[in-house]
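**Q** Input: one structure, supplied below.
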Amino acid sequence: MTTPALLPLSGRRLPPLNLGASAFPHHRATLRLSEKFILLLILSAFITLCFGAFFFLPDSSKHKRFDLGLEDVLIPHVDTSKGGKNLGGFLIHGQGHDEHRHREEEERLRNKIRADHEKALEEAKEKLKKSRDEIQAEIQTEKNKVVQELKKKDSKPLPPVPLPNLIGINSGEPADPDIRERRNKIKEMMKHAWDNYRQYGWGHNELKPIARKGHSTNIFGSSQMGATIVDALDTLYIMGLHDEFREGQEWIDKNLDFSVNSEVSVFEVNIRFIGGLLAAYYLSGQEVFKIKAVQLAGKLLPAFNTPTGIPWAMVNLKSGVGRNWGWASAGSSILAEFGTLHMEFVHLSYLTGDPVYYNKVMHIRKLLQKMDRPNGLYPNYLNPRTGRWGQHHTSVGGLGDSFYEYLLKAWLMSDKTDMEARKMYDDAIEAIEKHLIRKSNGGLTFIGEWKNGHLERKMGHLTCFAGGMFALGADGSRDDKAGHYLQLGAEIAHTCHESYDRTTLKLGPEAFKFDGGVEAVAVRQNEKYYILRPEVIETYWYMWRFTHDPKYRQWGWEAAQAIDKYCRVSGGFSGVKDVYSSSPTYDDVQQSFFLAETLKYLYLLFSNDDLLPLDNWVFNTEAHPLPVLHLANTTLSGNPAYR
């Protein structure tokens, strides 16, 4: 920490002496006697000047008196019989008595100032007897005190809230020794990723495992916010890596600071930080995570200060100034970003008793319900100033994906009581199936993208999450179509597995086409990379939970082996730039979501269903588990925001 420009001396500050190294070549840590003498002379002259100036001030009895914390000049009174004049209910004392009192006050003030100046001079002398190191240590101590006071101020106790019934937060140990061995392998991969981040990137947002140093992107702003630590906490906990969990908790308690001048992505910070902190709180019961989540949420609220209430994509954590991405359809907000806040914000209102978070996300929902939707589809862009759609581009992959996921999960998280969310989900899925879902010539079911009136026959890796979503939403679907949607999920899982299986590395590309003879294969060079993404494995896990078909565990194991073989380096795990190349190059980034999602879903895939059962937990889009809020077990029903 840098030394401040001013040294505190008894509440006053003096600029430090600017002495070059040549001034004290043999005694760098201490001030020489002659320098001390010069400084004392300066101090004495300054104090004498201030003290002398007081005596040359005009006689304050002849001017309006300034307040020095003494008795008020105006004294309420109604009796005019004692030599005073009553003006508007206040007594003004006679002139002689007034002058005498002022002289006494001035004498008392002179004595007080003289004593204060003598005390200051003595303190200055004492300070100058100390070495620079001692003075700097005192400065650091004072700064630490200020920081601790600010922390206490920010850490106001939150209202006690009964925790939902938390079931299955550990164990899940499989009886089958082969499955247990695979699960242990995933745990070892997690430890390799964490240990290297701990050694080479600690406190940074992410890790460059080949360069062995910290890494960050603009979604986290310019500050070291420890994104990997926050994102990985719940994975560490459910894997039983409790020493590593405590390391992360200690860093968060001491170092995670949101009062930084840094512009961050509202969406990314919500799903990774708030989601991660809330999950860590529910799993461990440690209050620090809840407190930090609420502090951060308060920093995101200014992003909603738009004419429509649709939040900006980016917000400065210190100033609260928001803006949108320049590339997003003439300054529009993005559907997947402003539509992926509901789960975390409902839990924030539940834990704080403050409906502001709930109201923000419900306002977004109400606005979307009023808007026309072309072909029943939600375009990816919405202008937060005008409330109008941007260009008509609809995707279940990037820019749209988690909006649909959160409609379903809002219903699940409410213990299936939020029927409004379920209706919006069902309507959206019906439109998606009608306009976006097709079968290729080779019989592969895929989800295309709607762009300006025509279907682009391309599917992104991000879109592969939808197989799991269809399976998760099958129960409770309209017209008794549960079997249909479970089958649709299985078909998407198969297509996405093919996108992996048709590569050299057995890892899926970022996007793949279904044009002519090309099926489930990337065509463009800039779509051939794999950056440790989780979506395909996420769908395998959901399909395993709902069908227990062993092929999903086998497919997951194939992916885990490929990641360990081609993405593992001595300093962690890295993405690769071309999954069709037998000698791939690395992108040298260990994404925080690799620890939060990819490894967590693999671990759950090889665990029993009693670990985080889906009747009790709902996973946010960053794979952070949040408990179902059964109304009978919560105070939600008593909160006017939820009526």
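We number each residue from 1, going along the chain as drawn.
Note that Cβ sites are derived from N, Cα and C of the backbone, with glycine treated the same way.
Predicted automatically and left uncurated, TrEMBL annotations should be read as such.
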**Q** Have a look at 86-116, 148-178, 365-395 and point to the one annotated region 'Disordered' in TrEMBL.
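**A** Of the candidate stretches, TrEMBL labels 148-178 as region 'Disordered'.
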**Q** Mind checking which of CYS496, CYS567 has the disulfide with CYS464 in TrEMBL?
**A** CYS496
**Q** Measure from the CA atom of THR621 (Ca(2+) binding site) to the CA atom of GLU268 (active site, proton donor) and give the result in Å, rounded to a whole number.
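**A** Cα of GLU268 (active site, proton donor) to Cα of THR621 (Ca(2+) binding site) measures 10 Å after rounding.
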**Q** List the Cα distance (Å, whole number) between GLU510 (active site, proton donor) and CYS464 (disulfide bond).
**A** 10
**Q** How many Å lie between the Cα of CYS496 (disulfide bond) and the Cα of THR621 (Ca(2+) binding site)?
**A** 18
**Q** When a 10 Å sphere is centred on the Cβ of CYS464 (disulfide bond), how many other Cβ atoms does it contain?
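**A** For CYS464 (disulfide bond), the count of other Cβ atoms within 10 Å is 30.
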**Q** So for GLU510 (active site, proton donor), how many other CB atoms are inside 10 Å of its CB?
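**A** Excluding its own Cβ, the number within 10 Å is 21.
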**Q** In sequence order, which same-chain residues at least six apart have a C-beta under 8 angstroms from THR621 (Ca(2+) binding site)?
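**A** Same-chain residues close to THR621 (Ca(2+) binding site) (Cβ under 8 Å, separated by 6 or more) are ILE271, GLY275, THR340, ASP401, SER402, GLU405, TYR406.
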**Q** Can you name the residues of this chain that are 6 or more positions from GLU535 (active site) yet have a C-beta less than 8 Å from its C-beta?
**A** HIS461, LEU462, THR463, CYS464, PHE465, CYS496
**Q** If you count CB neighbours within 10 Å, which one among the active-site residues GLU268, ASP401 has the smallest count?
**A** GLU268
